[in-house]
Each structure stands twice: as C-alpha cells, then as structure tokens.
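A short write-up of the structure that comes next.
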Amino acid sequence: MKDKYGREIDYLRISLTDKCNLRCAYCMEKDHNDFIHNDKLMTLDEILRVVKECASIGIKKVRLTGGEPLVREGIVDLIKNINKIPEIEEICLTTNGILLGDKVKELSENGLKRVNISLDTLKEDRFKEITRIGTLDKVLYSIEKCLENNVKVKINTVILEDFNKDEILDLINLACENPIDLRFIELMPIGEGKKFKGVTNSEILEIIKKEKKVLSDGKTLRLNGPAKYISIEGFKGKIGFISAMSDCFCEDCNRIRVTPEGFMKQCLHWKYGINLRDKMRNGISDEELREIIKKSIYEKPEKHNFKMKEKDEDKRFMYEIGG
C-alpha cells in the first residue's frame, strides 16, 4: 500500500529481541544487561499475526532483526511459518554472524533467502575492541557457510574515524573474491553512536576510486532500497553506500518497522507509531489490527531529521528499536 506521500510500502523490518551476544561500542554500553522482560516481548504467534496482516495489505518482504535475532528461541519455526504466507516473497535476516554458521543450513531449508552480516574490521584485535566480546573467525565462517547453502550475503560496514578507515580497501576485497555485496553505512547519531565520528560515504568512494577501476564512471546506482551501488572491475560482488546523513533517501523509503515489544515505528528517527502488542492482547480482531496497521503506514513521516535535535525524536538505542 502507499503512504500519504505516495511511497509504496512493501517491506517490514521486525525485531525479535533487544538482546545481543555482542556489545558493539557504537551500539550498546559495555556492561549493559538490562533487556526487555520476556513477557513484554511479542510472542512468536503475535509476530506471525502481525506479518500476516501486513502481508494482506501489500508487504512482500520481511526482515528479522534485533538485537541479535539468532538469540531468540523459535526463530527457525517462525521463519518456516512466515514462509507459508503466500504474499511474502522474501525472508531476510540481519545478524552479527556469530551464531549463524551452524544454523544457516536449517534456516535456509525453512525459507531464509538473504542475510545481512555486520562486519567493520578484518583485524582480530580491532574486532575484539569494537565488539568487546566477539570472535572474528566465527563471522568469517558464517559467511562461508551462507555461500555454501546458497543464501545471499550482504556485509554491512560502518567506518569510524581513527578506527578502521585504513581498512576500506581490504574490506571491499571481500566482494572481489566472493559473490557478496558490501555496503558502507554512515554512522547515525542514535544511542551510543552519538559518541563516535563517522566517515562520509563520499570520502569512502573517493578512497576506492583512487585505487580501483570503478565501472560506469563511478556513478552510483540505486536498486530496491536505500543503498546506491557501484561495480568495480574484476569484482564478483557490488559495493554499496547507505548515506543516511549525507544523502537523504527518505523520498524512496519503502519500509515500516516493528520493535521487539510490538511498537510499529513509522520512521527510524521519529518516536511516532502505535503499540500493536497491546492492541492484540486487548483482544482486537484481525480486521481491526489490519486497519490500525494501514493507518500507521499511511501516516509515515516525510523524512528523518537526524541532523537536528528534535523533541519528537526517538531517544532509544538502535538495539531497542531494531537495526
């Protein structure tokens, strides 16, 4: 269906949990352990009900996020049941990759088509520093197992000033040697991210162009989503740029988000939305739920305003919202 600005909304991002097995520095405080109580999370049945009603009004693609979605029990059955919904064409997962390698075969057999894996460095010491408790080898193993099981892979990378800027060329080589896409995501001022200085994608692109032969004269191509892509000579995959801060893509936004506790967010930046979990637990019918979702989608804000401090911005951390 379309929102009031005429954008076709066909993509649902639904967070299964705020819990995570890492403590990435720009996402979560090092000693954080105060997560949403299980009784406040949407149940798997409630999640499935939301997906079904969204599918009935035009949602075609579902992405499961977190926190780390793979720490949520029952995720395989959830994917299996979502895959049974006729209108859903694609099920995807965003993950840090730590737990994925040993689960990807079963997930794929039950309907998972794509994964986005967060990876900001190829140096073990830096990986430990940024994630605080992670092991790089497990992420690389997960990428390998995804390719073995024909699950399409995108790598999401955040470049931070004075941390991993010197690894840009090493990171893009992942897309040279493998049929995967690597996307640079500009750091957004959400939660712990406000404490760090990111690098703009225009600067990253210039670094790449100095060392690699970029096809199509270096022009970026936007496909279905916020990323703009370039092709590099000899590369099996593409390089993408998600430039939320320097190149607003809101006019093409096609998504709606649901947080772990069932709050349907109309925009990543703004706090506007409605709690679907509470409505369901108060006994509303499927038809009533569908109408609430339709109204929420229709009222999506025109654009974010991350560059300005606003009284109506969402103060929550990314892991609480759903990355």
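Using N, Cα and C of the backbone, Cβ positions are placed for all residues, glycine too.
Features of the protein shown, as given by Swiss-Prot:
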type: BINDING; residues: ARG13, ARG63, THR94, LYS154, ARG255, ILE256, ARG257; note: GTP binding site
type: BINDING; residues: CYS20, CYS24, CYS27; note: [4Fe-4S] cluster 1 binding site
type: BINDING; residues: TYR26, GLY67, SER118, MET188; note: S-adenosyl-L-methionine binding site
type: BINDING; residues: CYS250, CYS253, CYS267; note: [4Fe-4S] cluster 2 binding site
type: DOMAIN; residues: 4-233; note: domain 'Radical SAM core'
Spatial neighbours of CYS267 ([4Fe-4S] cluster 2 binding site) among the binding-site residues CYS20, ARG63, ARG255, ILE256, ARG257 [C-alpha, 10 Å]: ARG255, ILE256, ARG257
Number of Cβ atoms other than its own within 10 Å, given for ILE256 (GTP binding site): 23
Proximal residue to ILE256 (GTP binding site) among binding-site residues CYS20, CYS24, TYR26, CYS27, GLY67 (C-alpha distance): GLY67
PLDDT averaged over the residues of the domain 'Radical SAM core' (4-233): 94
All-chain count of other Cβ atoms within 10 Å of ARG63 (GTP binding site): 21
Surrounding CB atoms that lie within 10 Å of the CB of SER118 (S-adenosyl-L-methionine binding site), all protein chains: 23
ARG13, CYS20, CYS24, LYS154, ARG257 filtered to the binding-site residues whose C-alpha is within 10 Å of GLY67 (S-adenosyl-L-methionine binding site): CYS20
Proximal residue to TYR26 (S-adenosyl-L-methionine binding site) among binding-site residues CYS20, THR94, CYS253, ARG255, ARG257 (C-alpha distance): CYS20
Residues TYR26, GLY67, SER118, MET188 binding S-adenosyl-L-methionine per the record - widest CA separation, whole Å: 16
CYS24 ([4Fe-4S] cluster 1 binding site) CB neighbourhood, other CB atoms within 10 A: 22
Largest inter-residue Cα distance among ARG13, ARG63, THR94, LYS154, ARG255, ILE256, ARG257 [record-listed GTP binders, Å]: 20
Count of other CB atoms lying within 10 Å of the CB belonging to TYR26 (S-adenosyl-L-methionine binding site): 20
Residue pair CYS253 ([4Fe-4S] cluster 2 binding site), ARG13 (GTP binding site) - Cα distance, angstrom, rounded: 12
